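Engineer: Okay, handing you the structure first.
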Amino acid sequence: MMKFRFRRQGADPQREKLKQELFAFHKTVEHGFPNQPSALAFDPELRIMAIGTRSGAVKIYGAPGVEFTGLHRDAATVTQMHFLPGQGRLLTLLDDSSLHLWEIIHHNGCAHLEEGLSFHPPSRPSFDNASFPASLTRVTVVLLVAGNTAALGTESGSIFFLDVATLALLEGQTLSPDVVLRSVPDDYRCGKALGPVESLQGHLQDPSKILIGYSRGLLVIWSQATQSVDNVFLGNQQLESLCWGRDGSSIISSHSDGSYAIWSTDTGSPPTLQPTVVTTPYGPFPCKAINKILWRSCESGDHFIIFSGGMPRASYGDRHCVSVLRAETLVTLDFTSRVIDFFTVHSTQPEDECDNPQALAVLLEEELVVLDLQTPGWPAVPAPYLAPLHSSAITCSAHVANVPSKLWARIVSAGEQQSPQPASSALSWPITGGRNLAQEPSQRGLLLTGHEDGTVRFWDASGVALRPLYKLSTAGLFQTDCEHADSLAQAVEDDWPPFRKVGCFDPYSDDPRLGIQKVALCKYTAQMVVAGTAGQVLVLELSEVPAEHAVSVANVDLLQDREGFTWKGHERLNPHTGLLPWPAGFQPRMLIQCLPPAAVTAVTLHAEWSLVAFGTSHGFGLFDYQRKSPVLARCTLHPNDSLAMEGPLSRVKSLKKSLRQSFRRIRKSRVSGKKRTPAASSKLQEANAQLAEQTCPHDLEMTPVQRRIEPRSADDSLSGVVRCLYFADTFLRDATHHGPTMWAGTNSGSVFAYALEVPAATAGGEKRPEQAVEAVLGKEVQLMHRAPVVAIAVLDGRGRPLPEPYEASRDLAQAPDMQGGHAVLIASEEQFKVFTLPKVSAKTKFKLTAHEGCRVRKVALATFASVMSEDYAETCLACLTNLGDVHVFSVPGLRPQVHYSCIRKEDISGIASCVFTRHGQGFYLISPSEFERFSLSARNITEPLCSLDISWPQNATQPRLQESPKLSQANGTRDIILAPESCEGSPSSAHSKRADTMEPPEAALSPVSIDSAASGDTMLDTTGDVTVEYVKDFLG
């Protein structure tokens, strides 16, 4: 009879087709600011901008929603980028001196980015050095000449010319240093070489003229038409940057000593010895180099000179600055990260006599800042995307789906009132190229990020562009050193140079205890809970007007006067007392301080009951914020949990203590191994396990592979950490009466279920009566394998998760089935289990042990709608493991549906930061400043759908592009993988930078729909299983 236990069911074609309509894996878009940017380019005709990174990624941005992403085949730093104006083509230079041509290609009405041709220098071993000049070893600068030719300046001083269409060298047009030296006086040569080519600049009116700057300081105007030198300027300072004047009658050069010089080009053929103007803006003391300089003319005659660097070396050599000089006005823009590059948005039409710059865009290492140059004061222009998510380090995140329009409008209004500027920019976002073809999102989604500085930021996550909406700061409630730091900063700004702080990236936190650990938002009442590192739990409410009021404070002792424990960690944050001013937005109403002040590890809010639950490494508490009184405090510490009392900053175990504990474990395991006598049930389990091994041959692959889960010791460190909290209206006392309950899961596999007595609200009233809430311990479940409990959810009689507070009462969701039997889904790090209620007897389980060492990290219930029918959807359990795999299971049957590889298992921070949404999407950090967005749903996908009006004929390169393999997008974006069965027998898709291919499915996939009669829940199978739960019933 045992052979039938392992018989594999045949695949049901109907179910497989349905799964393909429900599930599909997509990495769709990367939100945030590119990590480690290294190059910048702007196309003034198409109004698009490109950013290159050290990892070889290329990202092109236009209007909000217009994004293109690519990744070089060779992981090298992008050092320079140049658009071919109006053509949708981009030429990139990498640090290995290779050139790559990117093209925006339209397919089926939508545009995407493709890497076309590439050019590699002869130093690469795969090329024949004899066919290339020996001096073409390292390319230092690139200039596009007349749109179809590229000039390559090299380290040897030679300049080569390349045909852009084929990326082939043009024979007979190389400009060697010897040719240039013939036009230089003998006394200037002094037997020295000109040095590397430092800068190449094209003449706007006459493209055949090229301004060449050599590192030693020599400037030359070369005529490509006559193949001769028109002008020579004998500079003596080491050159850094060059720029033409608008009319070509003058040029400006910047140098390594912090000076810049203006040269006149109307002097004729004799070499020019002296510039017309030489100045050191921040002299006379030694200054750092001016790395880049721009000269922009205006009709008013007051021209702009914009440059980076040049600061006094001794006093401000560590500042990251861009200076803007116009007439007598000088502003030193002071940034908190290194300046990569900058450009101006100005008129480039040949018939215009002046540049008339509109905006200045500065790319920094950690953010992008755009300034309005037409408005007095040059204010910053709010960015609709590329906002630095990591302006302060992200510590937690959460997603809120289907945000009501009223709440959305109130949050947007609060954000608009938040930072009014005295000189508000009248300029709209200047990078407006392309058209967004995506439909307007049917529902609004909020992404909440908690940060190290005590702020919570609200982001519009409804579409491709992640737009900042509002910032909540909790630091104002507590006594910190913020005020002192602000006064010091103000004192510095009054000195010379005239510094002006620009940008929002601030990597420093005034107090690490302000860090946000957990957030929860009720979208129907606009109430919010924010919990921090020092045990602070804030209850906030959204207000549309500024207010001044005091914040109530309550302490909750989670240790309950337990003896033998002494907190050795950080102190609590001291709140301000009395009336405090609060701006429009979320304003704190209640501060709950956990004692000891350990970091909050779990929090949940039930606005309909006016209850908030919170947990730390010491226990959990329940608080009634309507009556401002605690309801419950439970200590979960094990007697050996001494590590929980040390705090995050003092967890350094001594060598003596470590050795002592190790020997104790060894001794305990030996003693327990000798003295333990196996019980009858364990003998039966061992016999069943041996019989199972004998029944199936070893070479036959058993699927699913489920290893034996070993029970953990009860004295494991930090076993009392509360991992999850959950409110539910369900059956806990008996099968006929349901009521409010609260559930808590810990690191040691314990689950506590409390029956709550919450006074019912009057008919038509929103708030409940002012009566005390009571909590009675109803059940206590101990998972015998003692794996940490990751999530808890109650399922109604139809096997669906219970609606959120107010959803059912306001007819915003289908009312739960309170007639049939409820069940509770408990997800631990090693297995999922469904228990019937109220008896808490095991009903269904799945041990996620397909790989040794696999642990559950994130779990969420999500609704997957069919791509073929709007009326059909299934609720499933989405799970992310420590191996970076995403699994989807049916609910409540826990049958595996699909399995994808999503995140590299080495990316620990990415796995820890993952957040699932209610509709089958997810976010995770691929860098400190970027979220990768992915979708598990075949229907609900958020990806760039855009087009670009380009003048270059694309059809000529289509055959060549189809012959070369398509390159994956950066970090694996926009790759589509369907359900496992649909991929069998088909060519494998391109591998991306982060693995996004799907592993083979498990053999025991459910062959039928979970709604059909044949898909009844599998009975609990304890073959070879040691995970028999111990349940205490305190209400029986």
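Residue numbers in this text run from 1 along the chain shown.
Note: Cβ is positioned from N, Cα and C throughout, glycine not excepted.
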Engineer: Consult Swiss-Prot and report the residue, out of Ser208, Ser982, Ser1012, annotated as phosphoserine.
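Structural biologist: Among Ser208, Ser982, Ser1012, the one Swiss-Prot marks as phosphoserine is Ser982.
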Engineer: According to Swiss-Prot, one residue in Ser672, Ser989 is annotated as phosphoserine; name it.
Structural biologist: Ser989
Engineer: When Swiss-Prot marks a stretch as region 'Disordered', which of 7-28, 337-358, 667-688 is it?
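Structural biologist: My reading of Swiss-Prot: the region 'Disordered' range is 667-688.
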Engineer: Where Swiss-Prot marks phosphoserine, which residue is it, choosing among Ser419, Ser964, Ser986?
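Structural biologist: Per Swiss-Prot, the residue annotated as phosphoserine is Ser964.
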Engineer: With respect to Swiss-Prot, which of the residues Thr276, Thr736, Thr957, Thr1022 bears the note phosphothreonine?
Structural biologist: Thr957
Engineer: List, by number or range, the same-chain residues at least 6 past the repeat 'WD 4' (199-233) whose CB is under 8 A from its CB atoms?
Structural biologist: 141-146, 151, 153, 157, 159, 175, 179-180, 183-184, 188, 192-193, 239, 241-244, 246-248, 251, 253, 255, 263, 265, 267, 269, 271-272, 275, 348, 350
Engineer: Which whole-number mean pLDDT does the model give the repeat 'WD 4' (199-233)?
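Structural biologist: On average, pLDDT over the repeat 'WD 4' (199-233) sits at 91.
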